[in-house]
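Asker: One structure, pasted below without further comment.
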């Protein structure tokens, strides 16, 4: 593997000194970029794009050609794991992801098998190794998965949900069934992420998109417990260096202390969290990633610049901050505004790393 030329993202996650605050964007390879739309059209549909290693590599690299980003993230989808478990993933126009065979009964859960990441998910591993090779050591590659709870919400509900009625009914009326599902998913995600590291991922991120829908105690029981299980089983060294792990629960600002106890290296913050407060609470244990409201990218470049200034000042001096949005970039954002955001982070952050 090529020697890593820019490792400030990995260094910041481990709270080692950096020259400027590293920056990348969730969904940086996505629909706001015209070149992404062209490649997706070439692929035919979203999952065909994910399953084609060369095209997945191409869209992963597209934002790096435009912007001075400090990391690349694998182009894939969190629902690849349940799809590999045989649920029949498809995308309904205007509806988002759906499953032909939801796992909403104990019987269905019992029948689920944990997929072999090198077999059923071999197309993801091929994409990881292709991207790592084509990056040529420019920046590190982030691998990722959804959290067990978040994957389970889609599997039990049969797709996206606003109320989470079916899975919450299972959580409170049939908790043993849900725990069986979450346990299988924790095993599947651990294998999946370790396979990504074996194929070239240099950092890992677990996206708990729907953990914030849970009550205080239910979050620990149904989400955090299974992320803890994954963290305990992850490969944390490869290529002679540490493989940092970031946990991100959207709406998880209440639980930062508990998340930091898992042994992860960093926590992702959404935009509802004050980063100065987060650093006071958990900055002695973990690095922090975030946390500009993605909608701020609709503002003028001058206003974006000011928002970046405020967030950097909120975190303050020293390493341990990876700048990002508080969630994925919106599809209608002007790519020039994303560029202004990235430039502002590098320009304004040097003073905090003297």
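Cβ atoms here come from the backbone N, Cα and C positions, even for glycine.
Owing to the predicted nature of the structure, the values given are computational and were not obtained by experimental measurement.
These came from Swiss-Prot, pasted as-is:
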type	residues	note
BINDING	27, 28, 29, 30, 31, 77, 154, 209, 327	substrate binding site
SITE	77	site 'Transition state stabilizer'
Asker: Could you give the Cα-Cα distance between residue 77 (site 'Transition state stabilizer') and residue 154 (substrate binding site), in whole Å?
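Answerer: About 13 Å separate the Cα atoms of these two residues.
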Asker: List nothing but the one residue from 27, 31, 327 whose Cβ has the fewest other Cβ atoms within 10 Å; the candidates are the binding-site residues.
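Answerer: Fewest other Cβ atoms within 10 Å, among the binding-site residues 27, 31, 327, is found for 31.
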Asker: Across the record's substrate-binding residues 27, 28, 29, 30, 31, 77, 154, 209, 327, the largest CA-CA distance in angstrom?
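Answerer: Farthest Cα pair among residues binding substrate: 23 Å.
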Asker: When DSSP is mapped onto helix/strand/coil, what comes out for residue 31 (substrate binding site)?
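Answerer: For residue 31 (substrate binding site) - judged by DSSP and reduced to three states - the answer is coil.
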Asker: With an 8 Å cut-off on Cβ-Cβ distance and a minimum sequence separation of at least 6, pull the same-chain contacts of residue 29 (substrate binding site), or say none.
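Answerer: For residue 29 (substrate binding site), the qualifying residues are 36, 59, 60, 62, 63, 73, 75.
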Asker: Should residue 154 (substrate binding site) be counted as helix, strand, or coil on the basis of DSSP?
Answerer: helix
